[in-house]
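Per TrEMBL, the features are:
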DOMAIN    177-280  domain 'Copper resistance protein D'
TRANSMEM  6-26  transmembrane segment
TRANSMEM  38-56  transmembrane segment
TRANSMEM  76-101  transmembrane segment
TRANSMEM  108-125  transmembrane segment
TRANSMEM  145-163  transmembrane segment
TRANSMEM  183-205  transmembrane segment
TRANSMEM  217-238  transmembrane segment
TRANSMEM  259-281  transmembrane segment
Amino acid sequence: MIEGALIGARFALMIDLALLMGLPLFWWVMGMAGDRRVLVALALGGIALSALWLMASVAAMTGTPITAPDWVSAQILLTMTPIGPVLTVRGGALLLALVFTGLNRPRLTLVAAAVAAATLAWTGHAGATEDIAGTVHRVADIAHIWAAAGWIGALVVLCHAVLTLRPTTAAIRRVAKMLSRFALMGTLIVGTLLVSGAINGAMIVGLAQLPELAGSLYGWLLGAKLALFGVMLGLAGLNRWRLTPMLESGTPQRAIAHLRLSLLVETSAAVAIIGLVGWLGTLDPMG
């Protein structure tokens, strides 16, 4: 139960921070005006979920219920471990995101959101790696987090655009242009995920220990994550090379139906991957 609360808190926090960065990133790349109310809600949610994650971490460490936390242990975590500085930086970044959103400064909001998302690298396996290897690991993890946030933010906007698409020529052209312009961004995201993911895997497990993963829960969950990533890649390729050209051709109705299904499945796979990452971050790879 306590472990489930920690995994759930990690999952919700990662979703929140990914959207807080990913949405303004996609809006900026597309030259779109975003919804500031959504960003305010996500920034406030990030603050609340960070507090929930802290309480869940204390509960997991002490075995006490999350509803009756051990405040002494919480103080130890905040003052004697990296969690305190991490939450301070994240909280400051989220407050800045709120301020910049209120001032309608989308690029500065994006920068603040990127800093908040980057702090996740210190709350997983990368945070436990030391010396130069630790620096390399955290840089790779931050790149991985930012790329994943960009993909998730894009999927949410694209899903909304396709699900609410009216079959008019102007609306279809607008969505088709959005999908086409995402192609380069998507290629950069996938490349970053592949490289940073390989570095993370080598840092966490090590090439020599890869065969040992086959019999561990960590290995099975990692395999499921990679399989879902493969599904996302396949659907992204289908959207780019098949469905987007179909949308621009003379059969938009069929393309719209297929795009709706494809993007919903791709987004569901992304959410499932984040859930698996939230679980993987609580496990010993060799356990």
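Cβ coordinates come from backbone N, Cα and C, glycine included.
Automatic, uncurated: that is what TrEMBL annotation is.
Just so it is clear, the model here is predicted, and its values are computed rather than measured.
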Overall pLDDT of the domain 'Copper resistance protein D' (177-280), taken as the mean: 88
DSSP-derived helix, strand and coil totals, residue by residue, for the domain 'Copper resistance protein D' (177-280): 98 helix, 0 strand, 6 coil
Stretch with greatest number of CB pairs under 8 Å, the transmembrane segment (108-125) reference, 6-26, 183-205, 217-238, 259-281 candidates: 6-26
Other parts of the chain folded back onto the transmembrane segment (217-238), taken as Cβ under 8 Å at six or more residues beyond its ends: 151, 186, 190, 193, 201, 262-263, 265-266, 269-270, 272-273, 276-277, 279-280, 283-287
Same-chain residues at least 6 beyond the ends of the transmembrane segment (6-26) whose Cβ lies under 8 Å from its Cβ atoms: 32, 34, 38-39, 42-43, 45-46, 49-50, 52-53, 55-57, 59-60, 94, 97, 106, 109-110, 113-114, 116-117, 120, 123, 145-146, 148-154, 156-157, 182, 185, 271, 274-275, 277-279, 281-282
